[in-house]
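Enquirer: To start, I am sharing the structure in question, which I have written as C-alpha coordinates.
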(Lines of atoms letter the chains of each structure in order from A and count residues from 1; the text may use other names and numbers.)
(Lines give C-alpha, C1' and ligand atoms only; values in the text may rest on other atoms or scores of the structure.)
Protein backbone atom coordinates (compact mmCIF):
# COMPACT_ATOMS: atom_id res chain seq x y z
CA UNK A 1 0.00 0.00 0.00
CA UNK A 2 1.65 3.23 -1.17
CA UNK A 3 0.49 6.67 -0.10
CA UNK A 4 1.00 9.20 -2.84
CA UNK A 5 0.29 12.14 -0.56
CA UNK A 6 -2.38 14.64 0.33
CA UNK A 7 -3.22 17.56 -1.89
CA UNK A 8 -5.17 20.74 -1.26
CA UNK A 9 -5.36 22.79 -4.41
CA UNK A 10 -8.57 24.67 -3.68
CA UNK A 11 -10.11 26.18 -0.58
CA UNK A 12 -12.75 23.80 0.73
CA UNK A 13 -11.38 20.75 -1.09
CA UNK A 14 -8.84 18.25 0.27
CA UNK A 15 -7.88 14.93 -1.31
CA UNK A 16 -5.93 11.78 -0.50
CA UNK A 17 -4.42 9.65 -3.28
CA UNK A 18 -3.61 5.99 -2.59
CA UNK A 19 -2.29 3.21 -4.80
CA UNK A 20 -3.73 -0.05 -3.50
CA UNK A 21 -2.57 -3.49 -4.60
CA UNK A 22 -5.12 -6.13 -5.55
CA UNK A 23 -3.37 -8.50 -3.14
CA UNK A 24 -3.84 -6.21 -0.13
CA UNK A 25 -4.12 -8.33 3.04
CA UNK A 26 -6.07 -5.95 5.28
CA UNK A 27 -8.91 -3.50 5.05
CA UNK A 28 -8.05 0.07 4.18
CA UNK A 29 -8.88 2.56 6.93
CA UNK A 30 -8.95 6.31 6.31
CA UNK A 31 -9.74 9.12 8.70
CA UNK A 32 -11.16 12.50 7.70
CA UNK A 33 -12.25 15.80 9.18
CA UNK A 34 -13.69 19.02 7.71
CA UNK A 35 -10.53 20.94 8.63
CA UNK A 36 -7.69 18.43 8.18
CA UNK A 37 -9.07 16.46 5.26
CA UNK A 38 -8.44 12.72 4.70
CA UNK A 39 -5.40 10.72 5.86
CA UNK A 40 -4.34 7.11 6.47
CA UNK A 41 -5.48 5.49 9.71
CA UNK A 42 -3.51 2.64 11.24
CA UNK A 43 -5.45 -0.41 12.39
CA UNK A 44 -4.38 0.15 16.01
CA UNK A 45 -5.07 3.89 16.04
CA UNK A 46 -8.28 5.20 17.56
CA UNK A 47 -9.28 8.27 15.60
CA UNK A 48 -11.68 10.85 16.97
CA UNK A 49 -12.48 12.18 13.50
CA UNK A 50 -14.56 10.54 10.81
CA UNK A 51 -13.55 7.15 9.50
CA UNK A 52 -13.81 5.34 6.15
CA UNK A 53 -13.62 1.55 6.05
CA UNK A 54 -12.85 0.05 2.63
CA UNK A 55 -13.03 -3.79 2.77
CA UNK A 56 -10.17 -5.67 1.12
CA UNK A 57 -12.69 -7.74 -0.89
CA UNK A 58 -13.40 -4.53 -2.84
CA UNK A 59 -9.88 -4.57 -4.31
CA UNK A 60 -9.65 -8.33 -4.82
CA UNK A 61 -12.63 -8.21 -7.17
CA UNK A 62 -10.88 -5.75 -9.52
CA UNK A 63 -9.06 -6.79 -12.68
CA UNK A 64 -6.08 -4.44 -12.33
CA UNK A 65 -3.16 -5.41 -10.13
CA UNK A 66 -2.93 -1.88 -8.69
CA UNK A 67 -5.70 0.65 -8.52
CA UNK A 68 -5.77 4.29 -7.51
CA UNK A 69 -8.08 5.30 -4.66
CA UNK A 70 -9.10 8.95 -4.41
CA UNK A 71 -10.78 10.21 -1.23
CA UNK A 72 -12.08 13.77 -1.37
CA UNK A 73 -13.42 15.91 1.47
CA UNK A 74 -15.39 18.95 0.32
CA UNK A 75 -16.80 21.93 2.12
CA UNK A 76 -19.90 22.53 0.01
CA UNK A 77 -20.49 25.97 1.51
CA UNK A 78 -17.14 27.23 0.28
CA UNK A 79 -17.38 25.46 -3.05
CA UNK A 80 -21.06 26.17 -3.74
CA UNK A 81 -21.70 22.55 -4.73
CA UNK A 82 -24.41 19.96 -4.01
CA UNK A 83 -27.07 22.60 -3.46
CA UNK A 84 -30.53 21.37 -4.35
CA UNK A 85 -33.35 23.88 -4.84
CA UNK A 86 -36.00 21.99 -2.85
CA UNK A 87 -33.65 20.29 -0.41
CA UNK A 88 -35.00 20.25 3.14
CA UNK A 89 -32.16 18.31 4.76
CA UNK A 90 -29.08 20.05 6.11
CA UNK A 91 -25.62 18.63 5.38
CA UNK A 92 -23.69 17.90 8.58
CA UNK A 93 -20.85 20.44 8.96
CA UNK A 94 -21.25 21.21 5.21
CA UNK A 95 -18.99 18.19 4.66
CA UNK A 96 -19.25 15.79 1.72
CA UNK A 97 -16.90 12.82 1.31
CA UNK A 98 -16.23 11.38 -2.16
CA UNK A 99 -14.68 7.95 -2.77
CA UNK A 100 -13.55 6.60 -6.15
CA UNK A 101 -11.64 3.38 -6.84
CA UNK A 102 -10.15 3.11 -10.29
CA UNK A 103 -11.89 4.64 -13.29
CA UNK A 104 -15.12 2.62 -13.37
CA UNK A 105 -18.33 2.93 -11.38
CA UNK A 106 -18.62 0.46 -8.49
CA UNK A 107 -21.95 -0.70 -7.08
CA UNK A 108 -23.63 -3.81 -5.66
CA UNK A 109 -20.85 -4.54 -3.16
CA UNK A 110 -21.31 -7.64 -1.03
CA UNK A 111 -19.13 -6.16 1.70
CA UNK A 112 -20.37 -2.57 2.18
CA UNK A 113 -18.20 0.49 2.49
CA UNK A 114 -18.61 2.06 5.94
CA UNK A 115 -18.33 5.76 6.74
CA UNK A 116 -18.54 7.06 10.29
CA UNK A 117 -19.62 10.70 10.59
CA UNK A 118 -18.70 11.99 14.06
CA UNK A 119 -20.98 14.39 15.91
CA UNK A 120 -22.19 15.25 19.37
CA UNK A 121 -25.80 15.71 20.40
CA UNK A 122 -27.76 16.98 17.44
CA UNK A 123 -30.86 19.19 17.47
CA UNK A 124 -32.24 17.47 14.37
CA UNK A 125 -34.67 14.60 14.64
CA UNK A 126 -33.12 12.14 12.17
CA UNK A 127 -29.80 11.57 10.43
CA UNK A 128 -30.15 9.56 7.19
CA UNK A 129 -27.10 8.88 5.05
CA UNK A 130 -27.18 10.61 1.70
CA UNK A 131 -25.48 9.52 -1.52
CA UNK A 132 -25.05 11.87 -4.44
CA UNK A 133 -27.63 11.49 -7.21
CA UNK A 134 -26.26 12.76 -10.54
CA UNK A 135 -28.59 15.09 -12.40
CA UNK A 136 -27.30 16.57 -15.67
CA UNK A 137 -27.85 20.29 -16.00
CA UNK A 138 -28.82 20.70 -12.34
CA UNK A 139 -27.07 20.95 -9.03
CA UNK A 140 -27.85 17.31 -8.27
CA UNK A 141 -29.57 15.82 -5.26
CA UNK A 142 -29.38 13.15 -2.57
CA UNK A 143 -30.80 9.69 -2.15
CA UNK A 144 -30.63 7.19 0.70
CA UNK A 145 -31.11 4.00 -1.34
CA UNK A 146 -28.19 1.61 -1.13
CA UNK A 147 -27.17 2.94 2.29
CA UNK A 148 -28.10 1.82 5.79
CA UNK A 149 -27.94 4.33 8.64
CA UNK A 150 -27.02 3.09 12.11
CA UNK A 151 -26.05 4.85 15.36
CA UNK A 152 -22.44 4.31 16.41
CA UNK A 153 -20.34 4.95 19.51
CA UNK A 154 -18.80 8.13 18.09
CA UNK A 155 -21.41 9.26 15.58
CA UNK A 156 -23.53 7.83 12.78
CA UNK A 157 -22.37 4.90 10.63
CA UNK A 158 -23.37 4.73 6.96
CA UNK A 159 -22.99 1.32 5.28
CA UNK A 160 -23.30 1.64 1.50
CA UNK A 161 -23.05 -0.89 -1.34
CA UNK A 162 -21.67 1.58 -3.88
CA UNK A 163 -19.13 4.37 -4.22
CA UNK A 164 -20.00 8.02 -4.82
CA UNK A 165 -20.11 11.23 -2.76
CA UNK A 166 -21.58 10.73 0.74
CA UNK A 167 -22.80 12.93 3.54
CA UNK A 168 -25.10 12.93 6.56
CA UNK A 169 -28.39 14.72 5.95
CA UNK A 170 -30.10 16.25 8.96
CA UNK A 171 -33.77 17.12 8.96
CA UNK A 172 -33.99 20.76 9.98
CA UNK A 173 -34.97 21.47 13.55
CA UNK A 174 -37.85 23.74 14.39
CA UNK A 175 -37.44 27.45 14.74
CA UNK A 176 -37.63 28.84 18.26
CA UNK A 177 -41.16 30.28 18.12
CA UNK A 178 -42.70 27.11 16.64
CA UNK A 179 -40.88 24.88 19.11
CA UNK A 180 -42.00 26.97 22.09
CA UNK A 181 -45.57 27.00 20.79
CA UNK A 182 -45.50 23.21 20.44
CA UNK A 183 -44.21 22.87 23.98
CA UNK A 184 -47.02 25.10 25.21
CA UNK A 185 -49.61 23.05 23.29
CA UNK A 186 -48.16 19.81 24.63
CA UNK A 187 -48.17 21.13 28.21
CA UNK A 188 -51.77 22.33 27.94
CA UNK A 189 -52.74 19.04 26.30
CA UNK A 190 -51.18 17.10 29.16
CA UNK A 191 -53.24 19.11 31.62
CA UNK A 192 -56.46 18.40 29.72
CA UNK A 193 -55.57 14.72 29.34
CA UNK A 194 -54.88 14.46 33.08
CA UNK A 195 -58.26 16.01 33.92
CA UNK A 196 -60.20 13.63 31.69
CA UNK A 197 -58.11 10.69 32.86
CA UNK A 198 -59.21 11.49 36.41
CA UNK A 199 -62.82 11.69 35.20
CA UNK A 200 -62.43 8.32 33.47
CA UNK A 201 -60.96 6.65 36.55
CA UNK A 202 -63.80 8.01 38.68
CA UNK A 203 -66.37 6.83 36.13
CA UNK A 204 -64.92 3.29 35.99
CA UNK A 205 -64.94 3.04 39.78
CA UNK A 206 -68.52 4.37 39.88
CA UNK A 207 -69.78 1.83 37.32
CA UNK A 208 -68.03 -1.09 39.04
CA UNK A 209 -69.44 -0.15 42.45
CA UNK A 210 -72.90 1.02 41.41
CA UNK A 211 -74.07 -1.64 38.94
CA UNK A 212 -74.11 -5.41 38.89
CA UNK A 213 -71.81 -6.38 36.05
CA UNK A 214 -70.88 -9.60 34.35
CA UNK A 215 -67.43 -10.94 35.15
CA UNK A 216 -66.24 -10.22 31.60
CA UNK A 217 -67.39 -6.61 31.80
CA UNK A 218 -65.74 -6.15 35.20
CA UNK A 219 -62.46 -7.46 33.79
CA UNK A 220 -62.71 -5.14 30.78
CA UNK A 221 -63.34 -2.16 33.04
CA UNK A 222 -60.37 -3.16 35.16
CA UNK A 223 -58.16 -3.21 32.08
CA UNK A 224 -59.44 0.18 30.93
CA UNK A 225 -58.89 1.56 34.42
CA UNK A 226 -55.23 0.48 34.44
CA UNK A 227 -54.60 1.83 30.93
CA UNK A 228 -56.11 5.20 31.78
CA UNK A 229 -54.14 5.20 35.04
CA UNK A 230 -50.90 4.69 33.11
CA UNK A 231 -51.84 7.58 30.78
CA UNK A 232 -52.51 9.76 33.83
CA UNK A 233 -49.11 8.93 35.31
CA UNK A 234 -47.38 9.54 31.96
CA UNK A 235 -48.89 13.02 31.59
CA UNK A 236 -48.00 13.81 35.20
CA UNK A 237 -44.43 12.59 34.68
CA UNK A 238 -44.10 14.75 31.55
CA UNK A 239 -45.29 17.85 33.37
CA UNK A 240 -42.88 17.18 36.25
CA UNK A 241 -40.11 16.49 33.77
CA UNK A 242 -40.59 19.69 31.78
CA UNK A 243 -40.82 21.75 34.97
CA UNK A 244 -37.95 20.26 37.00
CA UNK A 245 -35.43 18.93 34.47
CA UNK A 246 -33.77 22.31 33.89
CA UNK A 247 -32.59 22.64 37.50
CA UNK A 248 -32.41 19.01 38.58
CA UNK A 249 -28.98 17.55 39.54
CA UNK A 250 -27.68 14.67 37.40
CA UNK A 251 -28.75 11.94 39.82
CA UNK A 252 -32.28 13.35 40.20
CA UNK A 253 -32.51 13.89 36.45
CA UNK A 254 -31.64 10.26 35.87
CA UNK A 255 -34.40 9.15 38.25
CA UNK A 256 -36.89 11.51 36.60
CA UNK A 257 -35.93 10.23 33.14
CA UNK A 258 -36.34 6.64 34.31
CA UNK A 259 -39.76 7.47 35.80
CA UNK A 260 -40.95 9.04 32.54
CA UNK A 261 -39.68 6.08 30.54
CA UNK A 262 -41.39 3.68 32.98
CA UNK A 263 -44.75 5.42 32.58
CA UNK A 264 -44.41 5.35 28.79
CA UNK A 265 -43.63 1.62 28.77
CA UNK A 266 -46.58 1.00 31.11
CA UNK A 267 -48.88 2.66 28.55
CA UNK A 268 -47.49 0.46 25.79
CA UNK A 269 -47.80 -2.69 27.91
CA UNK A 270 -51.41 -2.01 28.90
CA UNK A 271 -52.24 -1.39 25.23
CA UNK A 272 -50.81 -4.83 24.51
CA UNK A 273 -52.88 -6.35 27.32
CA UNK A 274 -55.99 -4.69 25.90
CA UNK A 275 -55.25 -6.42 22.61
CA UNK A 276 -54.66 -9.76 24.36
CA UNK A 277 -58.00 -9.42 26.18
CA UNK A 278 -59.80 -8.77 22.90
CA UNK A 279 -58.13 -11.83 21.40
CA UNK A 280 -59.24 -14.03 24.29
CA UNK A 281 -62.82 -12.71 24.14
CA UNK A 282 -63.41 -12.80 20.40
CA UNK A 283 -61.04 -15.48 19.08
CA UNK A 284 -60.69 -17.82 22.07
CA UNK A 285 -64.36 -17.42 23.01
CA UNK A 286 -64.63 -20.68 24.94
CA UNK A 287 -61.48 -20.11 27.00
CA UNK A 288 -61.00 -21.49 30.50
CA UNK A 289 -61.29 -19.51 33.69
CA UNK A 290 -58.03 -18.01 34.98
CA UNK A 291 -57.74 -17.60 38.73
CA UNK A 292 -56.90 -14.01 39.80
CA UNK A 293 -56.76 -13.04 36.12
CA UNK A 294 -56.78 -9.26 36.59
CA UNK A 295 -54.19 -9.42 39.38
CA UNK A 296 -51.84 -11.34 37.11
CA UNK A 297 -52.37 -8.80 34.36
CA UNK A 298 -51.50 -6.01 36.81
CA UNK A 299 -48.31 -7.81 37.78
CA UNK A 300 -47.31 -7.98 34.11
CA UNK A 301 -48.53 -4.52 33.14
CA UNK A 302 -46.73 -2.71 35.96
CA UNK A 303 -43.88 -5.14 36.59
CA UNK A 304 -42.40 -5.77 33.14
CA UNK A 305 -41.73 -2.04 32.44
CA UNK A 306 -39.99 -1.78 35.81
CA UNK A 307 -37.66 -4.60 34.77
CA UNK A 308 -36.83 -2.91 31.45
CA UNK A 309 -36.22 0.47 33.09
CA UNK A 310 -34.05 -1.19 35.73
CA UNK A 311 -31.79 -2.69 33.07
CA UNK A 312 -31.65 0.58 31.12
CA UNK A 313 -30.84 2.48 34.31
CA UNK A 314 -28.03 0.06 35.13
CA UNK A 315 -26.55 0.88 31.72
CA UNK A 316 -26.60 4.60 32.56
CA UNK A 317 -29.13 5.42 29.84
CA UNK A 318 -30.91 8.30 31.59
CA UNK A 319 -29.76 11.89 31.84
CA UNK A 320 -30.41 15.35 30.46
CA UNK A 321 -31.61 15.62 26.88
CA UNK A 322 -31.78 19.01 25.11
CA UNK A 323 -34.31 20.06 22.50
CA UNK A 324 -32.63 22.67 20.31
CA UNK A 325 -33.52 25.01 17.46
CA UNK A 326 -31.77 25.39 14.11
CA UNK A 327 -29.24 27.77 15.59
CA UNK A 328 -28.39 25.30 18.38
CA UNK A 329 -30.26 27.21 21.08
CA UNK A 330 -31.78 24.97 23.74
CA UNK A 331 -35.48 25.68 24.17
CA UNK A 332 -36.22 22.80 26.52
CA UNK A 333 -34.33 20.28 28.60
CA UNK A 334 -35.87 16.97 29.52
CA UNK A 335 -34.66 14.13 31.69
CA UNK A 336 -34.79 11.28 29.23
CA UNK A 337 -32.64 8.73 27.40
CA UNK A 338 -29.38 10.47 26.48
CA UNK A 339 -28.13 10.72 22.91
CA UNK A 340 -25.32 8.27 23.74
CA UNK A 341 -27.88 5.51 24.31
CA UNK A 342 -30.12 5.94 21.26
CA UNK A 343 -30.14 2.16 20.80
CA UNK A 344 -32.05 1.87 24.09
CA UNK A 345 -34.67 4.25 22.70
CA UNK A 346 -34.97 2.39 19.40
CA UNK A 347 -35.38 -1.01 21.09
CA UNK A 348 -37.50 -0.22 24.15
CA UNK A 349 -39.70 2.47 22.59
CA UNK A 350 -39.83 2.21 18.80
CA UNK A 351 -39.31 -1.54 18.49
CA UNK A 352 -41.47 -2.48 21.48
CA UNK A 353 -44.37 -0.30 20.41
CA UNK A 354 -44.07 -1.43 16.79
CA UNK A 355 -44.55 -5.07 17.76
CA UNK A 356 -47.46 -4.20 20.06
CA UNK A 357 -49.20 -2.12 17.42
CA UNK A 358 -48.85 -4.80 14.73
CA UNK A 359 -50.39 -7.37 17.08
CA UNK A 360 -53.18 -5.04 18.16
CA UNK A 361 -54.09 -4.13 14.60
CA UNK A 362 -54.25 -7.82 13.67
CA UNK A 363 -56.60 -8.44 16.62
CA UNK A 364 -58.61 -5.35 15.67
CA UNK A 365 -59.06 -6.68 12.15
CA UNK A 366 -60.30 -10.05 13.43
CA UNK A 367 -62.68 -8.40 15.91
CA UNK A 368 -64.06 -6.01 13.30
CA UNK A 369 -64.63 -8.85 10.84
CA UNK A 370 -66.43 -10.96 13.44
CA UNK A 371 -68.55 -8.03 14.60
CA UNK A 372 -69.59 -7.23 11.02
CA UNK A 373 -70.40 -10.90 10.44
CA UNK A 374 -72.66 -11.00 13.50
CA UNK A 375 -74.32 -7.75 12.46
CA UNK A 376 -74.97 -9.23 9.04
CA UNK A 377 -76.71 -12.27 10.51
CA UNK A 378 -79.01 -10.01 12.54
CA UNK A 379 -77.98 -11.66 15.81
CA UNK A 380 -77.27 -8.40 17.62
CA UNK A 381 -79.18 -5.82 15.64
CA UNK A 382 -81.69 -5.33 18.43
CA UNK A 383 -78.99 -4.36 20.85
CA UNK A 384 -76.60 -2.22 18.82
CA UNK A 385 -77.22 0.68 16.49
CA UNK A 386 -74.93 1.42 13.52
CA UNK A 387 -73.55 4.62 15.07
CA UNK A 388 -72.69 2.71 18.22
CA UNK A 389 -70.91 0.02 16.22
CA UNK A 390 -68.83 2.75 14.56
CA UNK A 391 -68.12 4.34 17.94
CA UNK A 392 -67.01 1.02 19.42
CA UNK A 393 -64.66 0.45 16.47
CA UNK A 394 -63.21 3.97 16.70
CA UNK A 395 -62.79 3.66 20.46
CA UNK A 396 -61.00 0.33 20.16
CA UNK A 397 -58.77 1.80 17.45
CA UNK A 398 -57.78 4.62 19.81
CA UNK A 399 -57.49 2.32 22.81
CA UNK A 400 -55.09 0.01 20.98
CA UNK A 401 -52.62 2.80 20.22
CA UNK A 402 -53.62 4.32 16.87
CA UNK A 403 -52.76 7.89 17.91
CA UNK A 404 -49.37 6.72 19.17
CA UNK A 405 -48.73 4.96 15.87
CA UNK A 406 -49.46 8.14 13.93
CA UNK A 407 -46.96 9.99 16.11
CA UNK A 408 -44.27 7.35 15.50
CA UNK A 409 -44.94 7.36 11.76
CA UNK A 410 -44.30 11.12 11.67
CA UNK A 411 -41.06 10.76 13.64
CA UNK A 412 -38.56 12.91 11.76
CA UNK A 413 -41.10 15.04 9.89
CA UNK A 414 -40.35 18.71 10.50
CA UNK A 415 -43.59 20.15 9.10
CA UNK A 416 -45.05 22.44 11.74
CA UNK A 417 -48.62 21.65 10.66
CA UNK A 418 -48.05 17.90 11.02
CA UNK A 419 -46.42 18.31 14.42
CA UNK A 420 -49.26 20.53 15.65
CA UNK A 421 -51.86 18.06 14.44
CA UNK A 422 -50.42 15.01 16.13
CA UNK A 423 -49.46 16.86 19.29
CA UNK A 424 -53.09 17.91 19.68
CA UNK A 425 -54.35 14.46 18.64
CA UNK A 426 -52.30 12.67 21.30
CA UNK A 427 -53.35 15.26 23.87
CA UNK A 428 -57.02 14.50 23.13
CA UNK A 429 -56.61 10.76 23.66
CA UNK A 430 -57.85 11.04 27.24
CA UNK A 431 -61.02 12.82 26.05
CA UNK A 432 -61.66 10.18 23.39
CA UNK A 433 -61.35 7.33 25.87
CA UNK A 434 -63.61 9.09 28.41
CA UNK A 435 -66.41 9.67 25.88
CA UNK A 436 -66.06 6.14 24.54
CA UNK A 437 -66.34 4.52 27.97
CA UNK A 438 -69.32 6.64 28.99
CA UNK A 439 -71.27 5.80 25.82
CA UNK A 440 -70.22 2.16 25.87
CA UNK A 441 -70.64 1.21 29.51
CA UNK A 442 -73.18 3.52 31.11
CA UNK A 443 -76.53 1.61 31.17
CA UNK A 444 -79.47 3.51 29.74
CA UNK A 445 -81.89 0.57 29.59
CA UNK A 446 -82.49 -2.64 31.48
CA UNK A 447 -79.90 -4.38 29.30
CA UNK A 448 -76.69 -5.63 30.79
CA UNK A 449 -73.91 -3.07 30.84
CA UNK A 450 -71.24 -3.26 28.12
CA UNK A 451 -71.95 -3.45 24.43
CA UNK A 452 -69.00 -5.74 23.84
CA UNK A 453 -70.61 -8.37 26.03
CA UNK A 454 -73.51 -8.67 23.56
CA UNK A 455 -71.17 -9.80 20.80
CA UNK A 456 -69.33 -12.16 23.13
CA UNK A 457 -72.56 -13.69 24.43
CA UNK A 458 -74.05 -14.20 20.96
CA UNK A 459 -70.77 -15.54 19.65
CA UNK A 460 -70.61 -18.08 22.46
CA UNK A 461 -74.20 -19.14 21.71
CA UNK A 462 -73.50 -19.48 18.00
CA UNK A 463 -70.30 -21.50 18.57
CA UNK A 464 -71.96 -23.80 21.10
CA UNK A 465 -74.92 -24.48 18.78
CA UNK A 466 -72.57 -25.29 15.94
CA UNK A 467 -70.65 -27.70 18.14
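A Cβ is built for glycine as well, from the same backbone N, Cα and C atoms used for every other residue.
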Enquirer: Which residue range, 155-178, 419-442, is the one TrEMBL calls transmembrane segment?
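Expert: Of 155-178, 419-442, TrEMBL gives transmembrane segment for 419-442.
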Enquirer: If contact means at least 3 Cβ pairs within less than 8 Å, sequence distance 6 or more, would you call the transmembrane segment (294-315) and the transmembrane segment (181-209) in contact?
Expert: no
Enquirer: Which whole-number mean pLDDT does the model give the domain 'GAIN-B' (30-176)?
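Expert: 77, rounded to a whole number.
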